[in-house]
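As recorded in TrEMBL, the features of this protein are as follows:
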BINDING   101, 102, 260, 538, 539, 567, 578, 579  FAD binding site
DISULFID  474-530  disulfide bond
DOMAIN    304-318  domain 'Glucose-methanol-choline oxidoreductase N-terminal'
SIGNAL    1-31  signal peptide
């Protein structure tokens, strides 16, 4: 280990540099092709268009409110993300649905639509970006989706189901689960075009004992496999937003750039009853939307692991002391809202090659019995322009300062890094990543409000590696990656002799991947390596756990007509990558809710 530790530290290039600095472009003619989305989704409108006349036929009230007329819906869904879109599409088959999404549409956004622009989307910090960057209090860069389709618009596209044991633990009806997954798959999931890098990683995983080889499958099974992807054969993304084509356009009303500020309650009874929401449009004007008085109508929060607990707290549901500090009227004291947040730690190594490598996002995965998943990606080559330019505040120029305490990070240090970066040759960025993700971390944290402004991302803490078992599993993952890099199959593919490899490593930038002060005098310890180089794989979850904030059918405890349906209810992330199960969950719960109101209907 004394030799391997420093080697891995040198191998670890700046993910922030590589992932945020990718430079590519698409002809305008390609982007214009997708303007036809308006014809496929006539029910999607700007939030400023909201009025009584634009609501569904079931609306029955026309009294005025803040900035618009009042409209009543059977369901108001707060958040048009990975779970919210299939949920809205399903509920609209029988009832009027208002879906409110704070971001824009993905269909004409080339950063979202095309695989080669994956990194640009994550790097974009403009107001119209599909992703919203934040840094947890742990010092790890992270992203939150801000677009119709949610995380399925900014992720690496990998599609893999949850395990049967996960489904059983969640208490889901396995028959309905096995009907809901295919509903997603038939519409937006594809078998990937396997890249050479992915095949090499597959061969290496099998050589080091991550067996058997399970081929191409959506199922979560031990061994090595290829999974599905939401990128089609031409590299175009099919996000959860495209599941809205299955909606009843007469009963679905989708508003984009509609930022819900709070849920309103009737508190005259024994338990608070959700009655409507207040949201602002793209011009900053406020509107109200209300639920129908029909029995069974509900507000459903699907704003993700950060957004859902944040909205509950801003609406007065949460820890009483925390709400009172911000003068938020307490509707229901629940100390568990925002607690139990967890993120799956990721550690990675970059393996350089002596030639360009075809781009691939996640396609191969090794599912181990140690509680670690091994994945791979490749082909993030840099252009000279990209290497030589300044990439803004959330880039390696900032990550470079991770070796010193935050208050000592100076502009001078940033400038030194930018000068050094220009000396890095383009060939240093040829190669791919091997990733090790901890499957079920035991370390947990919380989110807490910074202000009453919905646009302010809450303070988020994950407490990476605070539980010793997580650290042990990380070390196991690093050792698997060590073996994989040294494996015969993999080494034959990379074809990097020692002289070439040493040259590239010696002139490569130091790892600049987070804002955690490094223990540079202890690089031989794999435990310290895990702590120093921890990243996110964007699979954070929790904050509205079942049994503490919501019931087993996702109703908010001690509140009428309010549910939370998204990853904030998870105690662990399903499968190797959660998007398949989040989309399934939206469909599954939509069907369950319809059955509650209508009984079992044929074809659902």
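Cβ atoms are placed via backbone N, Cα and C, with glycine included.
For the domain 'Glucose-methanol-choline oxidoreductase N-terminal' (304-318), the model gives a mean pLDDT of 98. In space, 578 is the closest of the binding-site residues 101, 578, 579 to residue 530 (disulfide bond), judged by Cα positions. Here the binding residues for FAD are 101, 102, 260, 538, 539, 567, 578, 579. Their largest Cα to Cα distance works out to 25 Å. Residue 578 (FAD binding site) sits 20 Å from residue 474 (disulfide bond), taking the Cα positions as reference. Annotation for residue 474 (disulfide bond): spatial neighbours 345, 347, 372, 436, 438, 465, 526, 527, 530, criterion Cβ-Cβ under 8 Å with sequence separation of six or more. Non-local neighbourhood of residue 101 (FAD binding site): 79, 80, 81, 84, 147, 148, 254, 255, 256, 257, 258, each in the same chain, at least six residues away, with C-beta under 8 Å from its C-beta.
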